[in-house]
Every structure is written in C-alpha cells, then in structure tokens.
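**Student:** Below: one structure in structure tokens.
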Amino acid sequence: MPRRFHPEEELLPPASLLKRLLAMLYDGLICIAVLIVATWGYTMLAAWVVGFEDYKQMAESGQINSDPLLTSFLFVVLFLFFGYFWTRTGQTLGMQVWRVRIENPDGTSIRWPQALLRFLMGWVSWFACGLGYLWMLWDSESKSWTDRFSDSKVVRVPKEMKK
C-alpha cells in the first residue's frame, strides 16, 4: 500500500531544476561507492566460481574488461538502490539533503513499476544531453520526462515537514 506523505489537499511546490541536479550529484557520489562494493562482490564471486588463478589470467589478458553480466548486474543494483528509496520514503539520501521528494499526484509514495519507469527514463533523459530534465523549464507543471513518463512529480519539502 502506498504511503501518504501529506494530506491530499495540501499541494507542495515543484522542486527546482537546481535542487534536482544537486540531489543527483550527491546521489551520484553515493552510487559510485555502491557500485565499487557491488563490483568487488561480483569479482570475488566470479573469481571463486572460475578459480582465482584462471580469473587472474582472464583479467590480465583483458577478457573481463567488457563483461556484459557485470554491466547488467550493476544496472540492476543501481535500480534497486533508487527503487528502494523512492518507493519507501520518496527520497534518496541526496534528495533528503536538498529537501526534494518523489510522489504521486495524490501525495502518496510511488510503486516499483513507476520507479522502474523513472529509472529507465532517467537514462534516456541524460542520453538526450539532459533534455529530459531541462524539459521542466518549459513544462507548464514543471515536470521532467521522468515525471511525465512515470505519472509522478518531484516536490520541494518544506523544512517543517522534513523528518
């Protein structure tokens, strides 16, 4: 069941592009740490399965430089990181610092399918040179492509509502 963040009749203002970008930067640093740990875990498991000596030879010869399984694993890890925070509290750690939150139009938390749509559209938005996020500057409701595609919104959380 979705969690209600505030009364439905209470509308919170949309988060600014600057706050969104700063939260993304902060979260990006956290994601680097998460990806380092996940890569280490994957590497240890792969070396154990293949054999440490064989894995070392594979690494030295460059055979594992473009491992599609590792890339897929890291993509899933990133989605689980964002999806967990978005569906539980509506805020990643970076979003908490910059007081922004993702929620449904009725003020409830988003669900996992919406989180997946946001995550995938986020990549599309960046691959389009950031146009998906800049879109909010021209949108009448200040919504980015990720907001529109997942039927959610990013709002500014007032100081008195911050936990």
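Backbone N, Cα and C define each Cβ position, glycine as well.
TrEMBL annotations: computationally assigned, not manually curated.
Keep in mind that what you see is a predicted model, and the values were worked out from it rather than measured.
Annotations for this protein, taken from TrEMBL, read as follows:
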type	residues	note
DOMAIN	15-150	domain 'RDD'
TRANSMEM	21-49	transmembrane segment
TRANSMEM	69-86	transmembrane segment
TRANSMEM	119-138	transmembrane segment
**Student:** I'd like the per-state residue tally for the domain 'RDD' (15-150) from DSSP, helix first, then strand, then coil.
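**Tutor:** For that range the per-state counts are 99 helix, 5 strand, 32 coil.
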**Student:** Give the mean pLDDT for the domain 'RDD' (15-150) on the 0 to 100 scale.
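**Tutor:** Mean pLDDT for the domain 'RDD' (15-150): 95.
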